[in-house]
Amino acid sequence: MAAKKASPDLLNSSFSFKSLKLKTKQQELLLRVSILGLVYVLAFIARLFSVLRYESMIHEFDPYFNYRTTLFLTEKGFYEFWNWFDSESWYPLGRIIGGTLYPGLMVTAALIYWTLRFLRFFVHIREVCVLTAPFFASNTTLVAYFFGKEIWDTGAGLVAAALIAICPGYISRSVAGSYDNEAVAIFALLLTFYLFVKAVKTGSLSWALGSAFGYFYMVSAWGGYVFIINLVPLYVLVLLITGRYSMRLYVAYNCMYILGMLLAMQIRFVGFQHVQSGEHMAAMGVFLLMQVFYFLDWVKHQLNDTKLFQTFLRITVTSAILVGGIALGVGTASGYISPWTGRFYSLLDPTYAKDHIPIIASVSEHQPTAWSSFMFDYHILLFLFPAGLYFCFKRLSDATIFIVMYGLTSLYFAGVMVRLILVATPAVCLISAIAVSATVKNLTSLLRTKQKVPQTGSTKGVGSSKSSSKVTLDQSQPFHKNGAIALLVGVFYLLSRYAIHCTWVTSEAYSSPSIVLAARGAHGNRIIFDDYREAYYWLRQNTPTDAKVMSWWDYGYQITAMGNRTVIVDNNTWNNTHIATVGRAMSSYEDEAYDIMRSLDVNYVLVVFGGVTGYSSDDINKFLWMVRIGGGVYPVIKEPDYLVNGEFRVDKGASPKMLNCLMYKLCYYRFGELVTEYGKPTGYDRARGVEIGNKDIKLEHLEEAYTTSNWIVRVYRVKPPTNML
Amino acid sequence: MKKNSSVVVDLLLLLLAITVLATPAFSDLVLSKVERRIDVTSQIARVTKTLKVVNSGSESVSEFTLTFPKFLSNNLAYLSVSHSEGKGKAKRSLANLSVKEAHPKGMPDLISFYSVSLPKPLSKGDTLTLEVVAAFTNVLQPFPEKITQRDIHLVMLQESAQYLSPYVVESQSLSIKLPNARIESYTKLENSKVQGSEIKYGPYKNLAQYSYAPIVVHFESKAAFAVAERLVREIEVSHWGNVQVTEHYNLVHRGAQLKGEFSRLEYQDRPNPQGVSAFRHLLARLPPRAHSIYYRDDIGNISTSQMQSDSKKTELLIEPRFPLFGGWKTFFTIGYGLPLSDFLFASEGKRFLDISFGSPMIDLVTEKLIVQVVLPEGSKDISVTTPFAVKQSHEIKYSHLDIAGRPVVVLEKNNVVPDHNQKIQVYYKFSNINLLSEPLMLITGFFVLFIPCIIYTRADFSISKSSAAYLAKLQWDEVLATLQEVQNIIQKCLAAHDKLEASLRDLSRTGDIQTCKAARKSTDSLLKDLSKELRPLLASLQSFPSASQISPKVEELVAKERELQEKLMAKHTTVVEGYEKKSSGRDIENRIASQQQKIIALRQEVDDLLEFIDEI
C-alpha cells in the first residue's frame, strides 16, 4: 500500500516540475554549453599557477626570443619586422630574423594586443605574451570538443575537451609565460585536422578551404606542420588502399593540398619547400595518385568493359609509378629536391642524431622518452588509449580511421623525442575520451533500463502471464546493476585521480619559469634564486651598449632579450661552425681561447655555475657537449683529453686539460677559497659533490666583472691586449 | 682629475678677481656675526648660515645680497632665506623671503649674486637675523676618482674659511660636520681645529669685503652617492578612491668609480667584507596607508625588498638587483597606491590634489625630475601651485577605457634635493557624472557582443528559400512544434488522471462520495475537451510526410492514453459503487486489483512512449 500511495505522490510533484522544465533538447544544450564554458575557463586558470607562484613573466629560453620579436613587431610594425636584420645575435654574422622564423605566434600576439588597444584596454605587451598560451589552450579545448563530436558523439567531445584541458602533456608547453610556437601550434594542428576530417565527411569545399587556412596558420606558427603534410597524405593513402575512395575525399584533399601549399609558400621561412624538399614529396605524390584514381574512375565509367579496363588499369598504374619515380629520382639527383634534413631523419631513426648531429642530441628535450614521462604526462590516458582504439575499430569510419592514424603515428614520434609528447597529446586525449564516453554511456544505459523494469516487474505480481519471460532478466539484473555501478564508480575514481594528478603536476613540475629558481630553506621557507636576471640586468646596465657577450648557446636568447647585448651564438642553432668555435674557445687553454675571443671581438664571457647552490644544469655539466660539438668541427679538440678512463671528473683526479681549460677556470675562479658547506673543505662543489681539483686559478687575459649573489652566473671581462710599448 | 684641476683653476681665478675688486659696492650693511655650518654627512653639502645684519649706514635698506663662488652656485640645488625675530627662547622663524638671482654690473663672473628682499626696510642702526639654508650637489668630489673594491671611499670638499660677502664681516665662524672622524687631510689655518668628526674654523674678526680663504677637506664618506639621473613620477588620480604613484628611477652611483675586478668572494667575505664604497639598499619613506606596493624593472619583479608600516609612515627598503659600485647604473620602477581621501580636497567648487613633489627616497639627488599628474578623464580648469619655480606643460594620456584621454600636468625641475619635498597643489574641476562613463561603456560592450548572438539565433540565414532541404527543415520544425503540443495535452490528461486517483484516495480517507463524484464529473469534461483539442493536431501530423515515422507512435500514445483513461474511469466507478454499497475496503481492493495492474502497465507504456517522443 505504501508503495502505491507514494508513487502517485511522486508523480504529482514531478509533474509540477515538468511544466517549468525546459525541453530535453534545451536542457542538453544548456548543459553542454555550460560544461564547455567551465572547461574553457578551467583550461585557462589551470595554467596560471606560474603567475601566482612567481610573477607574470616569460619562461625558459626560446620564449624570450619570441617576446623580443613581438616587442619589435608591436613597436616598429609588420614591414620592419619582416625585413629585420638582427645584428645583435650571431656576431659577426647577424641573423635575418624575418626570413628565419615562424611569424605566426608573434603576429597572433600582436593582433591580440592591437585589438585590446583598439577596445581601449591599454595592457602591456608582456601580459599579452604571457597569457597567449593559456588562451590558445582554452581554444584548443573547444576544437577538441568539435573534433570529438565529429569522430564519435557530443559526449566524447565533452570528455575530450575536459581531458585535454588539464592533460600535463599539453600543459607542460602552455602554462602562462611559456610563450612558444607550440602554444598556438597545437591549436592550429588540431583545428586543421578537425576541419579536414569534417571536409572528408561532408565533401564540402568550404570545410576544405577552412582546413587549408588552418594549415596556413599552422605553417606560419611552427615547424611541426611537416607532421600534417605527411599525416594527411598517409591517411588519404590508407583510405585509397582500403577502398574508401570517394568524391568527398577527392574534393577535400585536393582543395586542402593545393590551397594549403600556395598559402604556405607565403611564409618566407618555408618558401618553396613544398615543391622542393623531400619531406613534402609524399603529399605531392598522393595528390598525383588522386588524379590517377579519378582518371581511372572516369575511364571505367566510359569503357563499361571490365577486361579492357583491367589492362588499362595495369598500364596506367605502372606508367604513373614509373613517371613519378623517375621525376623524384631526377629531382633528387639534380638537387632540385633537397634530401631529408637531419631533424627528419632523427625522427624516423632515434639513434641518428646521437651519431651524426650532436647539437640536436645535446638538447634534453630531444632525448627519447622514458616510460616514466609517458606515465607522468598521460597518467590514466595511457591505458584508456588502447581501449579507445578498440572502440574506434569497432565503429570504423573515415573519421575514426583518421584519429587512429593520428594517434598511432604521433605516439611513435612521442617515443622518439620527449618534446613530441605534445603532438600526441590531443590524439591520446581524443581516443581516451572515446573510451571513457563509450564506457560510461554503455554503463548508464544499462542502469537506466533497469530502473524501470523492476517497477513493472514487482507490480505485475505473481499471476501475470508475461512475468515468466522476464524472470531470467530479473535474476541477472541485480548483478548487472551492481557491476555497472561499480564500474561507473571506478571510472569516476580514475577520472578524479587524473584530475588530481594533473593539478599536482601542473603546480609542481610545469609552472617553474626556469629563469627564477625556487628552493625550500631549512625552515620550510621559500628561497628564490634570481641570479639569471641579476646578471642579465647587470649586463644591460653596466656594459657598453655595443659589448659582445660570449656564452654557451643556451643563454643567447636570454642575453639578447634581457641583457640587450650582442651575443656570439644563440638558441637558433643555424650555424654549427660558429657554435663549435665557441665550444672550442671554452675547451681550450686560456691563451688559445683569448685568440679566438679576440678574433670574435668578445668583450664579456658569461658562464653558468651551480657549484655553490647545487644547481645541476650548469655549464660544467654541459661541458662535454661543448667539447663534442667543438670537436666535431675542429679536430684539435678531442673528447678523451677531458676524460679520465672515460669518466668526467672535476676533482683532483681530473685530466690536466680539463683542469686548465677556459670553462673550468671561469667556473672555479676563486671558488677554491670559498666554504660552501659546513664541515666540508674549501672549494667543495655542491652540484657534483666533490672538492675541486684546481684551487689556485689565475686569470691572465680575463678578469671577473660580475658574479651574482649565489654565484650561479659569472661574467668576465676580456682585457684588451697589453700595450707592447 | 680634470674636474678637480678645473676647480683649482676656478679658485685661482676667483682669488684674482677678489683682489681686483676694490670698490665698496653695496650698501652700508655690516654683518655683525656670521655662523656657518656645513653638513657633509650625506652626498649633499647642506650649508646653514645665521647672519646678523646691522645697518650702519644712513639710509634704510630693503635688499640684502648673498654671494657664492660660481663653482658652488653652479651646483646650488636649493636656497631659502628666512628671517627670525627676537632672541633666545622667544626667537621664532618667520616666512621665507623671496630670493632672486641678481647680476650687478661691474662684478666678476666668478661670483654669483642673489638678492634677498627684506620683509621691511632696515633703517639705520637696526639689526636683523637671517637664516640661510643652501644645499649643494656634486660639490663632494671623489678623490681619487677611481678606486678598487678594497679601497675606502674618499671625497674632497672645497670651501672658504672666510665668508664671501659683499659686506664687512665683524665676526664669523665655520664648522664642517663630517660623516666620521677619519679625515685624510684638511687645510690648516689659524684658529682651525678638529673635534671628533667636526672641523672648526674661526672665529675670525673684522674681515673686509670679499674676503676669501680657500680650504680643502679630504675625508672618508660612507654615504650612498645615489643620484637619479632621471626620475619620472606619475601620479594618477582615480576618483574610485585611489591615487596611484609610479616612479621610474634611472639610478647611478656618483662616487669614485670602481676599477679592476669585482670579486663576489671578497664582497661576501663574512668577518670583513670588502666593497664598502658600494651601496645595496635604498630607503623610501612613503606616505602612511600606502598599499599595493610593487618594485620591478624592465625584465620583471625584483624580489628583494622589505616593507614596514605603521600609522605614521610606510618604509620601503629596496635592494637593487646588484650592489651599486661607483659608476654603476640601474633602472627600476616602484609603484604604490594611496587612499584618495588623504590627498584630494575640495575648495571653492574645485578639487585639489595636495601631494609631495619629490622622490620619497632618503638622501637622493635627482638631476632631472619629471612629475606627471594624470587627472581623470573630463577634468577641466587645471592649475598648479608650487612652492618653487618649475617648468610646466600639458599632455594627454590614454589609459583603460579612455576616449578623450586624460589630461596630464607635467612638471619638470632639474637638480632636486630632499629639501624640495614640499607639497604641490593641482586644482581642477571634475563632475561625478563622468565616473559612470566607464561602467556604462563596459555594459554597452557586452550588450553589443550579445546582440549578434541574439540575431543569429532568431534570424534565418539560408540563401535559397525554395530549396528542398530548406522546406524540409521548415516542415520538420512544424512537426516538432505539433509534437510539443501533443505532448502537452497528454501531460494534461495524465494530470487529470492523477487528480482522479487523488479523489479516490480522499474517498477512502473521508468516505465523502459526493465530492468524489464531482471530481469525476469535472475530470470527465476536462478530458473530453482535451481529446477534442488533440484531434486536429493528430490530423495535421499525419499530413506531414516527414512525420511518417513518428505519427504511428503518437497514435499509439493517444490510443494507450485513451485506454488508460477508460480503465481508470472503470476503476473509479467500481470504487465509488463499492463505497455506495458500503462494501468493505478489502472487497473493493480485490475487485479493482486486476484493473489496477492494467492501469499501472498502461501508465508505464504511456510514460515510455512520452519519453521516446521527447527524445526526437
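The backbone N, Cα and C atoms fix where each Cβ goes, glycine too.
Here TrEMBL flags A:35-431 as domain 'Oligosaccharyl transferase STT3 N-terminal'.
Residues annotated as domain 'STT3/PglB/AglB core' in TrEMBL: A:548-606. The average per-residue pLDDT of the prediction over the domain 'STT3/PglB/AglB core' (A:548-606) is 93, rounded to a whole number.
The transmembrane segment feature in TrEMBL is assigned to A:29-49 (among others). Sequence-distant contacts of the transmembrane segment (A:29-49) (same chain, at least 6 residues past either end, Cβ-Cβ under 8 Å): 22, 133-135, 137-138, 140-142, 145, 154, 158, 161-162, 164-166, 171, 174-176, 502-503, 506-507, 511.
Taken from TrEMBL, the feature transmembrane segment applies to A:96-116 (among others).
Summarising the annotation, TrEMBL assigns transmembrane segment to A:128-148 (among others).
As annotated by TrEMBL, transmembrane segment applies to A:154-171 (among others). Tertiary neighbourhood of the transmembrane segment (A:154-171): same-chain residues 32, 35-36, 39-40, 42-43, 46-47, 137-138, 140-142, 144-148, 186, 376-379, 381, 421-422, 424-426, 428-430, 432-434, 436-438, 440-441, 498-499, 501-503, 505-506, 509-510, selected by CB-CB distance under 8 Å and a gap of 6+ residues from either end.
Proximity of distant same-chain residues to the transmembrane segment (A:183-200), defined by a Cβ-Cβ separation under 8 Å and at least 6 residues beyond the stretch ends, is recorded for 104-105, 108, 132-133, 136-137, 139-140, 143-144, 146-147, 150-151, 170, 173-174, 207-208, 210-211, 214-215, 217-218, 221-222, 224-225, 227-228, 232, 248-249, 251-253, 255-256, 398-399, 402-403, 406, 422-423, 425-426. What TrEMBL records for A:183-200 (among others) is transmembrane segment.
Marked as transmembrane segment by TrEMBL: A:212-238 (among others).
Residues or ranges marked as transmembrane segment in TrEMBL: A:250-269 (among others).
Residues or ranges marked as transmembrane segment in TrEMBL: A:281-299 (among others).
TrEMBL lists A:311-337 (among others) with the feature transmembrane segment. Within its own chain, the transmembrane segment (A:311-337) has Cβ neighbours under 8 Å at 276-278, 281, 285, 288-289, 292, 295-296, 299, 303, counting only residues six or more beyond its boundaries.
Among the features that TrEMBL reports, transmembrane segment is placed at A:374-392 (among others).
Sequence annotations record features per position, and here TrEMBL assigns transmembrane segment to A:399-415 (among others).
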Tertiary contacts of the transmembrane segment (A:399-415) (same chain, 6+ residues out, Cβ under 8 Å): 147, 150-152, 193, 196-197, 200-201, 227, 231, 234-235, 238-239, 242, 244, 347, 350, 368-369, 374, 385, 388-389, 392-393, 421, 423-424, 427-428, 430-431, 434
Outside the transmembrane segment (A:374-392), six or more residues from its ends: residues with CB under 8 Å to it: 151-152, 163, 167-169, 172, 400, 403-404, 407, 411, 414, 421, 425, 428-436, 438-439, 494-495, 497-498, 501-502, 505, 509
Per-state residue totals over the domain 'STT3/PglB/AglB core' (A:548-606) - DSSP helix, strand, coil: 33 helix, 9 strand, 17 coil
Residue numbers, six or more beyond the limits of the transmembrane segment (A:281-299), whose CB comes under 8 Å of its CB atoms: 229-230, 232-234, 236-237, 240, 245, 249-250, 253-254, 257-258, 261, 274-275, 309, 312-313, 316-317, 320, 324, 328, 337
